[in-house]
Ligand SMILES: C[S@@+](CC[C@H](N)C(=O)[O-])C[C@H]1O[C@@H](n2cnc3c(N)ncnc32)[C@H](O)[C@@H]1O
């Protein structure tokens, strides 16, 4: 036995040994029994027992294949051909382990569920191999390990390539990733080489927000894997999300501004999380009814703010991973009441027909941990119990009119998942400010009284926050500064690589105060630019854009060959692997060199491989004679005769020196690509 630490532990750390946690919580069970979530008859008790049984079972490992659709199908074929057959009829210590199954409601059969305990997956050789595949493909951004029910909200949003989407509570970002993919798929961005030709059709933008700066960084990590020029990460309290100002699209006046309104809004709000008991088993110890009560007001404010920011005709999804009606139906009912005829609940019963679900509840109780029932906010209550008038069910008539049954409840026993709640709302007309304000008046929190939310229609362009050294208000992130198109260094880089005039050269930016390209040069879509330039002192920008060019030390090359002229024969900016797919169709053909798979093996195996190490008469060796010194792009088609590899078109930046040709990829990326192409680790 290891030495036991005597250090006191607190909070989560106290539960590090999960075996110590007893999967029982009397308060939880009594609370939900009293809520009658399955009705009040003989069958409902059975249903409740089944729920409790499922909550105690480990959650299956689930993942979805992501990326652009064509690539997704290639990876699916690869997975089904090279992994699934070896996972049939596997036994571990005398117990049969079920093979991965397709999640039936997920579109295009691209999501899988593996109902095996984590320890088994780690120990049984065929599952261990699968685990390695999942880790590596997850890192590469090709698959996403995500709880099945968490994949649901983006599927209801029906995204189109031109949509402006606000993801209000986005970290760690698995749903944001789905939103980006949905936009790309709808734009028929299918092939790594031809994708970028569709750049102009990708007018859409996703703004991903999270209030917690540390979690916003997790979001950045998730999004970075997707190399999308159509995402912007911001850091705000979603309930007071600032208006984003852009130049008016309907006015010829250059200075006329308007508030950006979104086609789609997702509010996957912070919640008590009691649908995740199977994953977060420490909740068995920590669950408390008061947590739902104290989250309700914030959840409602987030929902209302989302509706304010939604375009008329737009859709918003409100979701939680809680089963508690106080965090679910009560919030939706209160928002519908506050917005009157302007917002309606959408009937989603026909969407994802294979998804089993129950209708929204029309009756519930407001209770605390002691199961003390309250009938109004005026009832006397302990200090730690929050009560608000919006927590109680409305009259049956009112809720019937609202169609509260259109909310969807997903329980663990339905399809062996976590618990989840979803409501989809449509904005039928502009909200009436006085009704929403009346709701806000009920919220007694003093800080909210000070933070009056912006009216729907008024455009305030005032700069409310002090500017810090980075120029990006009170938030200490490096600023986003667009490079002037006549900046000499960026025009010489563009000219050197023969950048097509059709490419929007004025969309390059840097992350420094001076606005000069000293290290990395980024690119993002045109709406991104408008937002950055018009909101620098009102929005906390965290991340966005794809790295296109990076400064490279060329002094060794210049020393080795004195006749080389900078920006004529050689450029001190190389093309970065993040942006290579997007920029490639716009570059001069002379920077491309074809390669065979054997060439790729050498590039991945060695740092700075010498030219004589590449196969004689191979494409790369032959092509290397024509390569310019410095950055070039290697182009390969990874497909073998027996079809054992994923069929992929690959573009990789390399650095050509007099005697070597080196792959410009981070070590981890190299390893992942190697595993994907050659099955080597
Ligand atoms: C349920 S999680 C979101 C999960 C995320 N949608 C995903 O799929 O990965 C809720 C998130 O809300 C964030 N959050 C909490 N309070 C918030 C607020 N007032 N405004 C915005 N985000 C908030 C938390 O930091 C947390 O990351």
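Indices start at 1 and increase along the chain as displayed.
Note that Cβ sites are derived from N, Cα and C of the backbone, with glycine treated the same way.
As annotated in TrEMBL, region 'Disordered' covers the listed stretch 438-470 rather than the other ranges in 405-437, 438-470, 471-503, 504-536.
When 115, 210, 347, 368 are compared with the S-adenosyl-L-methionine site residues 169, 170, 171, 172, 173, 174, 175, 237, 268 in TrEMBL, the one appearing in that site is 210. Across the structure, residue 175 (S-adenosyl-L-methionine binding site) and residue 321 (active site, nucleophile) are spaced 13 Å apart at their Cα atoms. Counted within 10 Å of its Cβ, the other Cβ atoms near residue 169 (S-adenosyl-L-methionine binding site) come to 24, all protein chains included. Comparing residue 173 (S-adenosyl-L-methionine binding site) with residue 321 (active site, nucleophile), their Cα atoms are 15 Å apart once rounded.
In this structure the C-alpha atoms belonging to residue 321 (active site, nucleophile) and residue 171 (S-adenosyl-L-methionine binding site) are separated by 14 Å. Neighbour density for residue 321 (active site, nucleophile): within 10 A of its CB lie 24 other CB atoms from the protein chains shown. Per-residue pLDDT, averaged across the domain 'SAM-dependent MTase RsmB/NOP-type' (51-428), gives 92.
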